[in-house]
Amino acid sequence: AAAPKVAVVGAGVIGLSTALCITETWPSCSVTVLSDQFSPNTTSDVAAGMLIPHTYPGTPIHVQKQWFKETFSYLFAISNSAEASEAGIHLISGWQVFKNTPKEELPFWSDVVLGFRPMSEAELQKFPHHLFGQAFTTLKCDCPPYLLWLEKRLKAAGTQMYTRKVSDLWDLHSEYNIIVNCAGLGAHHLVRDEKLFPVRGQVLKVHAPWVKHFIRDGDGLTYIYPGIHRVTLGGTREKDSWSLSPDPGTTKDIFDRCCSLEPSLQEAQDIKVKVGLRPSRWCVRLEREVLSQGRVQLPVVHNYGHGAGGFSVHRGTAKEAARLVGECIAALQGSSSRAKL
């Protein structure tokens, strides 16, 4: 049979890493990435790219842990290679602090990150309004370079990339055998997923090279994430807000909250404001589906709805999506060999 043609819809971190996993796992496939936006104009470009898992209520914890573990070890290997700087990946240490002791002092991912421990009394003196904290080392991706690095890897593997707005998956059925839907928030319209909703995030990217440790308030709303060139200050979680325009009042609020955690940020220079809409649902949609119109069938693999936690699990979910693509290939080859009988 001819090499199966696979179209991946979406070019954020989920789409690109899924396309890469497919090319690595099924080298005989011809893979094409279709998206109306590529870096630097994707939601992933706004993300801070910190590997601190977001918990999905609808996904079993052992599955989330596996996704995180696979992503962490994948990025850890890159961070230990000569490619680290180009891919924008580095280790970063810091603190997650709480005003009250959290219900679980050991989160499910504590043994995946490096050196996880409770904070000492001396460290907590840095945070007079917080009673409890956790210190650990994790990985951070600077997102625009990481997306470009993924694109480079894809081009080297012969993957085609086209700017194209896909508004109906059936438009692709004459050109491709298998469709992989990594459209993020676009899936709301593309596959009419009413369970998918935006959670608006506004962040500031500032120049403050003296800030070397991440600091995250345990509620997840206020955070300081140093990257290679700029520090990301956040943030907001505005459910069902579709606005991509920065709000000046929010900017001041984020800046003030971050300065109360790290007063030296008062001197931060060159503040840029970014807004992204996280594609959220109660669990990541990662499954195989066969769409049919009359006798025509279209195999689809869905991998979207990662909300605030996409970077932390992107490689793990991409591996699972690639496995599901393998099931589609096997089904196609099974049906074509049956057709020959």
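Here the Cβ of each residue, glycine as well, is placed from N, Cα and C on the backbone.
Pulled from TrEMBL:
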| type | residues | note |
| --- | --- | --- |
| BINDING | THR43, SER44, VAL166 | FAD binding site |
| BINDING | TYR223, ARG278 | D-dopa binding site |
| DOMAIN | 5-324 | domain 'FAD dependent oxidoreductase' |
| SIGNAL | 1-19 | signal peptide |
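With the fewest other Cβ atoms inside 10 Å of its Cβ, the least crowded of the binding-site residues THR43, SER44 in this structure is THR43. Distance from the CA of ARG278 (D-dopa binding site) to the CA of THR43 (FAD binding site) is 7 Å. Distance noted between the C-alpha atoms of SER44 (FAD binding site) and ARG278 (D-dopa binding site) is 9 Å.
Across THR43, SER44, VAL166, which the record gives as binding FAD, the greatest C-alpha separation is 19 Å.
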